[in-house]
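What TrEMBL annotates here:
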COMPBIAS  1-14  compositional bias 'Basic and acidic residues'
COMPBIAS  30-43  compositional bias 'Polar residues'
COMPBIAS  247-264  compositional bias 'Polar residues'
DOMAIN    61-126  domain 'Histone-binding protein RBBP4-like N-terminal'
REGION    1-59  region 'Disordered'
REGION    247-273  region 'Disordered'
REPEAT    273-315  repeat 'WD'
REPEAT    318-351  repeat 'WD'
REPEAT    367-400  repeat 'WD'
Amino acid sequence: MESEVAAKARREAETPATYIGLKTRAQRAKLSNGSVSASSHQPRSTEKKKKKSHKPTVDNKYSQWKTLVPILYDSLSNQSLVWPCLSCRWGPQFEQALAKNQQRLYLTEQTDGSVPNTLVVANCEAVKKQVISFSKFLNGEACSPFVKKYKTIIHPGEVNRIRELPQNSKIVATHTDSPDVLIWDTETQPDRHAVLGAPHSRPDLILTGHQDNAEFALAMFPTEPFVLSGGKDKSVVLWSIQDHITTAGTDSKSPGSSIKQTGGRSVGPRGVYHGHEDTVEDVAFCPSSAQEFCSVGDDSCLILWDARTGTGPAMKVEKAHDADLHCVDWNPHDNNLILTGSADNTVRLFDCRNLTSNGVGSPIYKFEGHNASVLSVQWSPDKSSVFGSAAEDGLLNIWDYDKVGKKSARAPKSPPGLLFQHAGHRDNMVDFHWNVLEPWTIVSVSGNCESNGGGGTLQIWRMSELIYRPEDEVLAELEDFKSQVFSCASRP
């Protein structure tokens, strides 16, 4: 017989409660289904494709995952969304309690046009980090967070990406289907009712400089208010939010700007950088310098830039992957390490001190654990060698490159370096975000295919600490409670 907490976790996985969303379901989801080849160069969330060939694999993994939920997670929340969500980010903490902290969560609602697209500010109960040992799990001490909508901002166009300002995480930037980057103060923005015909909310700032749509590549610097973007114009653009102080009252809108009707104050770029030969899909700052950054694109290149030396590439890595590059992240613990993810289904780890060999990208290691395009990679804030990768196969893989080359008795057949595989989503895993305030806690979002009712799925989870703790400690603890395990297993 299942324990009470196990039964509760199983029910949550099978019958999720709906806290966020509107009353009508999306008729379309701008989520690409299937891998994008290097030759097609199609935006990865702009057209509805045919059903994915990996769909049966997703369903199989999901069915297996449901049976293991009680033992794989210290906490898990599974929320059903009425509309697809393309981006999710943790916001500031606003209340502390003994077991759970109240924290903001930023989400998107991508609608079918019957109501406006929105940026959603939600409240979340983030479960505090606690040592939940096997004995505590057996005694029912695992718990799950909940999410509730707090504020709706009516967005001028779909919200493809959200990034928060680390120094003041109530300030966020958004990418939409235009050349502009929009800056929002989520606390001072009024709560809006998203109905057909409602006027757009007005952004606090509009960052201009792109000559064509910039939809996905977006980053903010950790310690200063710098914003970085890339787009279809093949350029990388750098701004400082503080420049609005000196440009107040001026209009420096780019020729392609489509956000003039919102009336937000515009800010021009600090620099525009050219070197890519196709759409720039993602950008990242060097954690120690706002003048150094990197970018990846549909030209299969990884480019490093240094704003102090001009607007051309400081280093260009040709053929960093065998297909389009979709994502990049710079290690916040080690400035030498950069991650890239691609339509070739792999994640690659590069060392800035030795990026190429004979003019071609020379990664330290290729991580092969997905069977579809990798859409997002992020380093963990909790351990320097750990990172996550999300892909169109519906999986969010957690890797530890320190474990590459080391055999594990717990998972001998797993790809090298694979620490954990989250299979709770049943369609494209489009985005996820580590929580810097609650160790090992992740929010992840996906679309839902039509056979699953459309809409989207939001999950907030933390893997069992028995998984990432040192193996000898875990085995010793399991040995101590072996009798309880056998007792539970033998019950009718």
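Using N, Cα and C of the backbone, Cβ positions are placed for all residues, glycine too.
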Same-chain residue ranges lying at least 6 outside the repeat 'WD' (273-315) that approach it to Cβ under 8 Å: 38, 41, 43-44, 214, 216-224, 226, 228-232, 234-238, 321-332, 335, 338, 340, 342, 350, 352, 355, 361
Secondary structure content of the repeat 'WD' (318-351), with strand meaning DSSP E or B: 0 helix, 18 strand, 16 coil
Rounded mean pLDDT for the residues that make up the repeat 'WD' (318-351): 97
Secondary structure content, the repeat 'WD' (367-400) (per DSSP, counts of residues): 0 helix, 18 strand, 16 coil
